[in-house]
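A.B. asks: The region 'Disordered' feature in TrEMBL is assigned to 1-47, 489-548. The compositional bias 'Polar residues' annotation in TrEMBL covers 11-24. Marked as transmembrane segment by TrEMBL: 72-91, 111-132, 144-161, 167-189, 201-226, 232-251, 311-334, 341-358, 364-382, 403-420, 432-453. Feature annotation from TrEMBL assigns domain 'Major facilitator superfamily (MFS) profile' to 72-462. Taken from TrEMBL, the feature compositional bias 'Basic and acidic residues' applies to 502-529, 537-548.
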């Protein structure tokens, strides 16, 4: 390594050690898709530009306007607001599931005719994930989130008052398209939160999303038990208006991160990531079977608890979801734990715990109620831990592409959800609860194999193997990086000292040569003087003789 390269390496390592990043790998240079923006962390656009209106007419509260000189503090209130918004926007996707019988009676159709409503709303959600949530990398997220929340509230009014099944189905599809607000809030939270608290911030937003899934089913089931199903959607309208109000006054504005890109370029780069990023592919292969286990359990749990030996009522089965809510509420503890660990280590620990939980489910479910209780709690806590650690690691790949990366992750979860619902239900109907639980156990074993195939510190574009050790604690990793910095600095100092000694020796040799040359010149000068003097004397003698 040449002399100039050593100081450069030391400076680079010093910067990476001081950054306190939660990412396993350093943030790489911008890809071709993002090459128009020199700084990987800085938002696009003029740094001095302060936008004061959304949509050109709606004033932005001054304290949440984007000001690079005075950035908004990402504290607990803001984080909790993001979680609250995620809960009651994503709940729109699940209100319908406990209400299908009431729908068939209200619209005077068969149960089969209304059974495609959940499919339509989930299909709309998939469309929104694919075509709307990536736009968070292209436009300002604040107006996009406010617009989508407003659309959800307005569409819910139509759901509450319509008497036509076809209109209800069309509105349900559009509600699914607009309900991607949590998938835009998550990348925004990752941008606003300090690196050392990124996992904690993501865990709270993700817990809000999972809480919405559970609360929607419980709330809809309980309300519809006593009043008409339309009250559920009136309640949803009120909650979404509250979300819109809170986001307007609390959510900070933030410039677009890729102003030089086009919408189709955003979609192309999202597809490109799937084939060029090993860490993202690893996350997808973990997400699909892991989410399949989650949905397989919750879908088939209804049949288990409603049959022998439990024979629980529909209300009791619905309230069983409260166990999952307790697990989701542990999000702050989960986030703090992940902030202290390398994301890979949190992922493998969660997968190992899921393997134990699935083994308990397979062995004692149907024998003791303790089995379903332990599984419900463990699935929610460990699945959330796994998802937060995976998202934290993947968001470190391209800071300006977090909306696209998140869209890919959520689409993989959606695929896993469909796989768990269809395959799990089929296995349960044909073979019973225990084979369905054994299927989840096998899926969990597969995720562990995928995690172990690629170590925590391998280079970004390496697909398999281990490099850089297997240190799992972030504090130890920082210490090791600091030691590397000190070694590099020592090498720099030593290299500089050697070069200095060589220069001193060369300077001394030059001076010695100059002195030696000077002495020779003096000696030559003296010798010439003596010769001239003898010649002059001889001439004088000759001249005197001629005179005589």
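Just so it is clear, glycine is given a Cβ too, placed from its N, Cα and C backbone atoms.
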A.B. asks: Are there 3 or more C-beta pairs under 8 Å linking the transmembrane segment (167-189) with the transmembrane segment (403-420), counting only pairs at least 6 apart in sequence?
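C.D. replies: Yes, these stretches are in contact.
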A.B. asks: Taking contact to mean three or more C-beta pairs under 8 angstroms, with sequence separation of 6 or more, is the transmembrane segment (232-251) in contact with the transmembrane segment (201-226)?
C.D. replies: yes
A.B. asks: Under 8 Å, at least 3 Cβ pairs, sequence separation 6 or more: does that hold for the transmembrane segment (432-453) versus the transmembrane segment (341-358)?
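C.D. replies: Result for the transmembrane segment (432-453) with the transmembrane segment (341-358) is yes.
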